[in-house]
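Over in TrEMBL, the protein carries these features:
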ACT_SITE  D43  active site
ACT_SITE  N91  active site, proton acceptor
BINDING   D43, E230  Mg(2+) binding site
BINDING   44-48, R56, H60, 88-90, W92, R94, R211, 217-219  substrate binding site
Amino acid sequence: MIERLKSWLVGYQKEKSLKPADEERLELLKKGPIPRHVAIIMDGNGRWAQKRGMPRIAGHRAGMKTVRHITRAADDLGIEALTLYSFSTENWKRPQDEVNYLMGLPEEFLRTDLDELVRRNIRVGMVGREEELPEHTLRAIEGFKAGTEGNTGMMLSFALNYGARSEMIQAVKWIIDDVESGKVDKGEVDEGLFDQYLYTSNLPDPDLMIRTSGEVRISNFMLWQLAYSELWFTDGLWPDFSRELFYKAIEDFQRRSRRYGAV
Ligand code: IPE
Ligand code: IPE
Ligand code: MG
């Protein structure tokens with residue numbers, strides 16, 4: 001109890017009030033269309049660390065702080081859903097110590113940030129394959145889900161062991177199961193039904209996808225859901241990404257004209 005109180009106080013102190021310039025910008029942004037769902041490929045942690053002569057994991061640590069700042073920035077703006085690509089199905093190819101470190105981050109984030117997330121009425125979830133994840137990582141995710149399930153505000157999802165191709169193959173298998181058992185009729189299989197079998201079934205498609213680090217590719221992220229998303233890329237590395245840049249992306253989004261194939 002005392003520990004919880006202490007971490008609550010620490011968390012509370014960390015959350016400074018907004019600078020007047022940020023407040024002003026936020027109010028202006030709120031006058032325009034706000035994306036319902038923003039998805040981010042948080043890239044460049046390793047390079048950030050290497051540039052400083054530090055091990056790659058130092059970059060992941062710094063990147064976790066950015067997760068906190070951007071979660072606050074998105075929540076302050078009234079975004080409904082924020083999805084953060086945290087570990088891909090291809091990232092298992094990395095050195096074991098880096099993988100281990102990344103798998104430990106959800107527990108750490110749970111310890112340091114759950115109280116603030118609850119205070120902000122944010123719900124936390126995961127999109128991705130649970131199968132290969134270590135027990136302790138899954139426990140942390142469960143802790144987040146249980147700790148925030150009563151909340152009604154922004155949906156913060158971590159894409160963990162996520163890969164769009166494996167997600168779609170899994171969806172196809174589940175649909176086949178349901179067709180074979182008679183739960184679903186083959187004629188009912190359409191885009192809307194397919195959506196319901198994806199890990200993101202509880203989320204609208206992203207309106208805006210952001211990728212940091214200068215790479216201009218999708219890296220197996222939400223291939224289905226990004227069909228009509230606006231894409232925004234920046235050369236900055238994820239640990240250097242900021243509320244200012246995030247709001248710049250939103251400003252640019254507000255100037256885009258979305259046509260969905262129409263005129
Ligand atoms: C993104 O940063 C975080 C994860 C993929 C987990 P990287 O670790 O890919 O950093 P770079 O791209 O090597 O700099
Ligand atoms: C994409 O970044 C995955 C995450 C941000 C979690 P990567 O660094 O793994 O992507 P590539 O290898 O540059 O395409
Ligand atoms: Mg990378």
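A Cβ is built for glycine as well, from the same backbone N, Cα and C atoms used for every other residue.
TrEMBL annotations: computationally assigned, not manually curated.
Feature map: annotations from TrEMBL on the structure.
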residue: D43; record: active site; DSSP class: coil
residue: W48; record: substrate binding site; DSSP class: helix
residue: H60; record: substrate binding site; DSSP class: helix
residue: T89; record: substrate binding site; DSSP class: coil
residue: I218; record: substrate binding site; DSSP class: coil
residue: E230; record: Mg(2+) binding site; DSSP class: strand
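Across the structure, the residue listed as 'active site, proton acceptor' and G46 (substrate binding site) are spaced 13 Å apart at their Cα atoms. Among the binding-site residues W48, H60, T89, R211, I218, E230, not one has its Cβ under 6 Å from an atom of ligand 3. Screening the recorded positions D43, G44, G46, W92, I218 for a C-beta under 6 A from any atom of ligand 1 leaves D43, G44, G46. Here the Cβ of W48 (substrate binding site) has 24 other Cβ atoms within 10 Å, regardless of which shown protein chain they belong to. Here the Cα atom of G44 (substrate binding site) is found 21 Å from that of E230 (Mg(2+) binding site). In this structure, the C-alpha atom of the residue listed as 'active site' lies 7 angstrom from that of R211 (substrate binding site). G46 (substrate binding site) sits 26 Å from E230 (Mg(2+) binding site), taking the Cα positions as reference. When the binding-site residues G44, G46 are compared by the number of other C-beta atoms lying within 10 angstroms of their own C-beta, G46 comes out lowest.
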